Each structure stands twice: as C-alpha cells, then as structure tokens.
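Asker: This is the structure I have questions about; it appears just below.
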Amino acid sequence: MNQNLIEVKNLTFKRGDRVIYDNLNLQVKKGKITAIMGPSGIGKTTLLKLIGGQLMPEQGEILFDGQDICRLSNRELYEVRKRMGMLFQSGALFTDISTFDNVAFPIREHTHLPENLIRQIVLMKLEAVGLRGAAALMPSELSGGMARRAALARAIALDPDLIMFDEPFTGQDPISMGVILSLIKRLNEALNLTSIVVSHDVEEVLSIADYAYIIADQKVIAEGTSEQLLQSQDLRVVQFLKGESDGPVRFKYPAQDYVKELFE
C-alpha cells in the first residue's frame, strides 16, 4: 500500500522563459504534516496551485493518491478537488455573508444535504476551531486570527484528505499564531488529515512538521525531519534556517566595481 498521498515526480514548470522548477521531486506522506520552506519568490504558492490542478507543468507527474493530476479531465479534477482543502494566505472569506455561511458554502456547493444537517456540520466545524459563538458575525467583525480560523473551518467543511496551508502564520500576533499552530496539529491528528504547510516561519512550522523540504534554485536543496535539517552542514540550509543576512545567498546584488561606477 502506497503511504504517500502526494508524489511530485520530475516536475518542470516555467512562467514565460523563467524556470520556476527544474526536475523537482518530493513526496507527502498520508496522515502527516509536511512543511515546504524556502526564500521568497521561489514558487512555493505556485507548487500548491500545481498540486491543486490550477496550473499545469511543462513536464513531470503530480500524483494524488495514485492519480496523475495532469492527466485528469475537468470532471475528474473537480471530483479530486473535493478531497482537498485550501487555506489561503489572505483567508479569502466572502465578505458579504456571515461566518456561518462562509463555512456552509462548500457544503452547499458540492453536496445535496438538507439544511438542518448542514447546520449541524457547520457548527461542528466552528466548534473545532473555537468559533461556534461567532457564527453570526460578518468577516469584517472578526480579528485577523479569528478570520484565519474561520477559513480553516471552511477548509475542513467537506472532511478533505488533504489541506494545503499557504503562509498560515503571516500577520498573526503570538497568541493567534500559537492557536493556529495548535489547531493544525490537533486537527491533523483528530481528523486523520494530510497537511502541507508553506511558511517562512521556520521555528513555528518545524515545531509541528513531521517532515520538511527546503526549496531553492528551482529544486529541493534539503529534506528531512526538523532535527535532521537543523543539523545540516549545507551552507544554504544554515543561512536560511538561521536567517543570516549574508552567505550563499548574497546580501549585495551583483554589480560592477563600486569605485569605478562612482567616478565614471
């Protein structure tokens, strides 16, 4: 039995002439939290869109539970996406409907359940993230942390197999960040989810990740458990994890001789 829910094999993706990924390979194990980290601008969010079938690669395979996302028909892809939840960096709540209706939206969209059952499911999901009492509030009445939790409740509304988190800790105060960290870990275990967490917050994401990848230079440059990565001697990994300003990734953008340019 295959233990991987996601397998990315020999993936190449370009935007115009710019190569984002060149022969990228990674796996996401079922029931585990996998972190994807790397410098800004290397395409981590793009990778989530590729896994979700929103973008198509130039070559390679993206297997979701054995099915190649790149070869599915629109109808097949629609069915597969029901098994995926996405927590966007912005939360992406609908601003003109209540918190309750935001969580109910995917259930109403993808099922034919009666409203009384939908109500029970929505209240259960809101209870799981601590927001059952905020069901009637509009998104504008929620704090940033509450909005992120409401978006998480919506992401788990259909009991997906996979949840993808895009920078879930961005803009969160320490308390909200701690709550979201706890929720990701607790829900992953309680609901037997598989989670992919894209984040720049090294310490936080490594505290909950079962396995992690660091992506740079169009490919995976390091992978392993949190302990293995923290013990890495690769200078690129050390610079990224410690947040050092200079190293293999130079502080100064390449330029001609400074004195020569000043007095030209």
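Numbering starts at 1 and runs along the chain as it is shown here.
In case you wondered, yes, glycine gets a Cβ from its N, Cα and C as well.
Owing to the predicted nature of the structure, the values given are computational and were not obtained by experimental measurement.
The domain 'ABC transporter' feature in Swiss-Prot is assigned to 6-242. Annotation source Swiss-Prot lists ATP binding site at Gly38, Pro39, Ser40, Gly41, Ile42, Gly43, Lys44, Thr45, citing sequence analysis.
Help me picture these features in the structure, burial and contacts included.
Answerer: In three-state terms derived from DSSP, Gly41 (ATP binding site) belongs to neither a helical nor a strand segment and is classed as coil.
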Asker: If you count other Cβ atoms within 10 Å of each one's Cβ, which of the binding-site residues Pro39, Gly41 has the most?
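Answerer: Neighbour-count leader: Pro39.
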Asker: What count of other C-beta atoms do you get within 10 angstroms of the C-beta of Thr45 (ATP binding site), across all chains shown?
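Answerer: Neighbour count, Cβ to Cβ under the 10 Å cut-off: 15.
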Asker: Around Lys44 (ATP binding site), how many other C-beta atoms are within 10 angstroms of its C-beta?
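Answerer: Taking all protein chains shown, Lys44 (ATP binding site) has 20 Cβ neighbours within 10 Å.
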